[in-house]
Amino acid sequence: MAIDILLNSGAVLAGLVLLYFGGNYLVKGAGGMALHFKVAPIVVGLTVVAFGTSAPELFVSLFSALQGYTEISLGNVVGSNIINIALILGISSIIVTIPVGQGIVFRDIPLMFFSYLILFAAALPMFWETLAPGEGRIFRIEGLLMIAALVAYVLFLYMYSRQHEDEVSELVEMDEISEEDVNRPVPIMLLEIAGGIAALGFGSDFLIDGASWMARNLFGASDRFIGITIVAFGTSLPELVTSVIAASKKQMDISVGNIVGSNIFNSLMVLGATSLVTPLSIYAAGFTVDILAMILISLLLFLVLLWRRKLERWSGVLFLISYAGYFIYLLQSRGV
């Protein structure tokens, strides 16, 4: 038993490391190559970089679904969205005040809620009793709808950016790609892309296997609990560490827009692409509470920004208290 614990703990740690470096190399390679061939920076930011930052969630959800852990797939998406706001913005805003532009409040957050609406509609049978109680399915048609909505979202941002590039840039994180990255030989960038994808694949497999074994054998937890806590925290960990380090250095480039954009991509791209590859069957009735928690925490963010236009220490504490309450519920229910 002790050896199993050690091996699976090592698998989780190795998975987290591979996901972190895999996502970084994928963004550097693909983004650098796109800029090398003169693709507009705003297009690279809205596609390559945005995809790369959600790549850990995508690979983990996809590998989970292919292995039959469909509740881990949905739990990873919903859990990552909650962690992005409640923990990442919560901890960061306790360390440093984060100013927020008007466009984020009145354009991007409503778009985030729209992506939640599509996710909710796709999983709606889960709330009906026409199937077995608490059972729902997300078919390929719903996945196609999500991908279509994501394409429409990216096109909207691109068209909007032609007149309001400064505003849309709040949603686009380009710091990962330096001028040095762009000027490297193309074969090096191709190797980074291939290596990044391979690392994401192996990292996803290690994280899922290790976390699943530990949660089931040590805590008796369900797939839903594993996905919405351990796996979601693992895929969000790189962004959490980066944001906390930036906040501790009083760097003001911690953008709420990046978090909002990440949640939109998680809801539409990750779940959409996963259900296109393999339809998702969902049996945990507790997902009703999880999706409502995601919506309520996001609504709390919207109301705070509507009132103050910035995130301060008190709002960070409020986010952390909200997550603590939700996490206590998860521990009591064990994800049933």
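Placed from the backbone N, Cα and C atoms, the Cβ positions cover glycine too.
What TrEMBL says about a protein is an automatic prediction, not a curated fact.
Taken from TrEMBL, the feature transmembrane segment covers 6-27 (among others). Within the chain, the transmembrane segment (6-27) has long-range Cβ neighbours (under 8 A, six or more residues past its boundaries) at 48-49, 52-53, 55-56, 59-60, 176-177, 192-193, 195-211, 213-214, 230, 234-235, 237-238.
Look at TrEMBL and you will find 11-159 (among others) tagged as domain 'Sodium/calcium exchanger membrane region'.
What TrEMBL lists as transmembrane segment is 39-62 (among others).
Taken from TrEMBL, the feature transmembrane segment applies to 82-101 (among others).
According to TrEMBL, the feature transmembrane segment maps to 113-131 (among others).
Taken from TrEMBL, the feature transmembrane segment applies to 143-161 (among others).
Sequence annotations record features per position, and here TrEMBL assigns domain 'Sodium/calcium exchanger membrane region' to 193-330 (among others).
Annotation source TrEMBL lists transmembrane segment at 224-247 (among others).
TrEMBL lists 259-277 (among others) with the feature transmembrane segment.
Positions annotated as transmembrane segment by TrEMBL: 283-307 (among others).
Proximity of distant same-chain residues to the transmembrane segment (314-331), defined by a Cβ-Cβ separation under 8 Å and at least 6 residues beyond the stretch ends, is recorded for 82-83, 85-87, 89-95, 225, 228-229, 289, 293, 296-297, 300-301, 304, 308. The transmembrane segment annotation in TrEMBL covers 314-331 (among others).
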